[in-house]
C-alpha cells in the first residue's frame, strides 16, 4: 500500500470512531433515555480514548513524517491534509500524556463547578479553578510553542489560523467606534418598534412545520441531514453525507426556533457542500471557527433578517400562526424582529450589539494571557466594560462574568471568532453583490439557490484547503475589513429606527 | 488487577463498542439520512471488526482459560459468564479467520441476491447462493464440532441451547395433530367474525398516542427506553438502561402497530428486568431466542389478545378513533382481532396457524442438514407442505420459499425458536395461574404489574444464568410440553368460532 493509502486508511478508522462518537452525542442530546446516561458517557469515553490513541500513535506520526518528506510530489489536497494532520498531531503530542489528561480532567471539573457557581451567582466558587485553567493553559502554550509572537496569539491561532491581536485590536477598535454611537442613538430614538405580538403563543408543531419549509427554501439537503429538537441548538456532522441540525421551540417566542434554525442551517449548508474530493481527509472541515460562523450568520442575518426575505415568507409564517400576526404588517414585523436593545447576555444579543459582547471578552482574555490582568479582577472589569460599551451593568456574576461556559472549558481565544464571523459575512455579502446584484430580488422570490451557489463557490467547497484570510482575500479581493459590517449596521438601523 | 477484574474490563470495552454499533444500527433504521448510508455501513464495519478482534484475541482467550482453571472458586454469576464467554469464543475462534470472513461476505451477498430474487419471484436466482450457504454452514459445523448427535442439532443449539430434533419432532408432532383439525373446523365454521371495521382509517398520530398509553400500562420503562417508527419493528438494547422498541403504523390496519408494539414491549420488558448483578457480563442476555420470544408472545397473545385486557382498553382505543369503532361491541371486537385464517405469509399469520408455518420451515431445514434433501427441491416441497398443513398453495416463489430472509443470512436453526416461544409462553401462563389466579381480573383492571412481576421473578431477572429448559423446569415444574398451547388454542378458538 502506498503511504498516501496507508494515511487515508488510518484516517478512515479515526473517522469511523468519530462518526460513532458524534452519533452517541447527538442521541444523548435529542432523546436518549436518561437512565442510560452513565453507561453512555462511559462508552463515549472508551471510544474517545481510542481516537486519542489512533491520533497520537507513533505509527501515525511516522506516516505524517514520510509524507512530509515527499511533500513536493503530493497533490495539493494531500499536501494540505498532511499539514493539517501535522498541526493536530503536534498539538496532542507535544504535551506529556499525563499532563494532557490532567488538563482535560481539570476542564471537566471546572465546567461542573462553573455550573454550580453560576447557579449561586458567586464567582469566588469558580475563581480558583479559573486561576488553574489559565496557569495550565499557559503551560500548554509552553509545550505547543508560542505562535505569532505572543501567548494569546497562540490560542487565537487554534481557532482562527493566522489571526493576531494586532489585527483584532485594529478591526475591533474601528467597529466599536461605529457601533457605540449607533447604540446610543437608538436608545434615544423615539420611534421604537412594537414587539408585543412576537410573544404570543405559537404552537411547537406549527413552528416545526414552518422550520422545515424554511430549511427547504434555504437549500438544506434533507437527504443528507435531519432536524431535531434540543435544549441548546447545534449542528453536527455525523458523516460526510449526514449533517444534522437541532433547534429549540419556545412557544412564547417563535424567534428562538426560526432564527436558530436558520443559523444552524448556515453551518450545515457549509459542511454539506465541501468538495467531495476532500472526503475523509483532515481538510474536510471548516476553514476556521470564524469562517464557519460567517456562514451561519450570513444565513441568519443577511438572509433571515432581511426585509425582502420576509416579503413572501411572512405570509407563509402567518399561515402557520394566523391568530398571532393577523393584523401585523410586513414593515412592523420586520422592525420587530430587528429590535436592538443593549442587554447583559451575549446569546440573547441582537445583530448590532453582539460584537460588543465579544470585544469585552476578548479584551479580558488578552489581558489574562498577554498582560498582567489577574483572574480575581475579572468580575469588576467585566461589569465596568459592560457599562462603558453597552450602558448596562450586571447585578451579579451570573449575568456577568459567569454567563459563558467557554473559559471553564479552557476555550480561551475562541470568542473573537464569533465577531470575526460577522465581519467576514458582511464582507462576503458585499463581494457577492458584484456577482449577484439581484440579491434582494432573489430573496423576495424565495430563490436562494444562486446565493448559496456563490457561497459554495467561494467558501464551502474549499473546506480547510485555505486558511480564513485566504478565503476572504480570494472571495472579496481584500483582507479583514470592519467597514462593511459597520456600514451595513448603520444603514440598517438608521432606517429601522428612523434616526 | 485480579483476573475477574481484567475480564470485566475487557468486556466493558466490547460492550462500549457494541453500544455504538447498536446505536448506529438503530439510527440507520429510525431516520438517518439516506445519503449517509454508505459511510454509515463502513463505520459499522470498522467497529464490528474491532469487536471481532477483541472477542477473539489471544489475551481474551487467556483470561477465559485462567478463570476456567479456578472455576470452583468463582461466584455463580462469574462462573456462568465464563462458560458463556468460552462458548462464544470457541464459536468465533475455531473457524479460520479467512473462512469466517468469506462466510460473512457470502451472507451479505446472498441477502442482496435474495432481495432481488424475491422481487422477481424467482428462486433460481437465489438457488446457487443457498447451495453455497448450506455447504459453507456444513463446513462450519465441522469446525465447531457436532453437538447433540447431528449437524442440525449443532445449529439448534446456537439459538436454543440443548434443543434437539428428537424433542422438536415430538412436540411439533403433537401440536400439529391438535392444530390442523382445528384449522379445518374453523374453515367450515358458519359463524365467522366481521372484520371490516378493522381496516378503517386510524391516524398515525392517534395510533402513536394509544401505543404510548398501552406501553405505560404494560410497565415498559420510558426512562430506560423509547418508542420510534420503522418499516420492520424491532427491540434493541443499546445499553443496560436503554432498551428501545420500534413499531410500524399502518393507517389502514391499526393492529400492525398495536400488536407489534405489545410484542416488542414483551422483548423489552425482559431486558429491562435483568438482574443488575448481571450488568456488563455475558449472562446479561436472554436465555435463548425461544425464551425471548416467549416473553414477546406472552405480552402479545396472553395479554394483548385476551378478552379481559380489552374490557377497559377497548374504550381507550375508541377514544383515539371514535369514528372507527362507534357501533362495535367488545365481543365483536375481540372476535375480529382473533380471526384465524390460513395464509401464505408467516409474519402475517394468526396465533393458531403460526406454528404450522414454523413446522414447514423446520422440516425443510432438518432435511437439508440431517437428511438428503437438496436445495433445488425446496420450492416444490415448500408448496406441497403448505397445501398439506394449511390448505393453501403459493402461486409463486415470492410468497413461497423466498418469503423469509433467514436462510440468506445462514440463520439455519433459528425458525424453531419462534414456535418454541409459543409453547413456553403457554406453559408459563399455566404455571402463573397457580400464583396469580386472578390473572383475568388484573387485566380487566389494567393492573399488569403482578403479572409482570411473576415473569420477572421466574424469567427476566435470570438473564442467561439458566438455559431455556432450566428456566422452564424451574418456573413450571415440567419440561417442554405442547399440551398447554394446544389446549389454550382449542379453548380459545372453539369459543370464538362457536365450534
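Each Cβ is built from the backbone N, Cα and C atoms, and glycine gets one as well.
The feature Zn(2+) binding site is assigned by TrEMBL to B:263, B:267, B:293. The DSSP secondary structure for residue B:263 (Zn(2+) binding site) is helix.
Among the features that TrEMBL reports, active site, proton donor/acceptor is placed at B:264. Residue density at residue B:264 (active site, proton donor/acceptor): 25 other Cβ atoms are found within 10 A of its Cβ, drawing on all protein chains shown.
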Which residues, sitting 6 or more apart from residue B:293 (Zn(2+) binding site) on the same chain, put a CB under 8 Å from its CB? B:417, B:418, B:420, B:421, B:422, B:424, B:425
Same chain only, sequence gap of 6 or more: which residues have a CB within under 8 Å of the CB of residue B:267 (Zn(2+) binding site)? B:235, B:245, B:292, B:295, B:296
Looking only at Cβ atoms, how many others are within 10 Å of the one on residue B:263 (Zn(2+) binding site)? 23
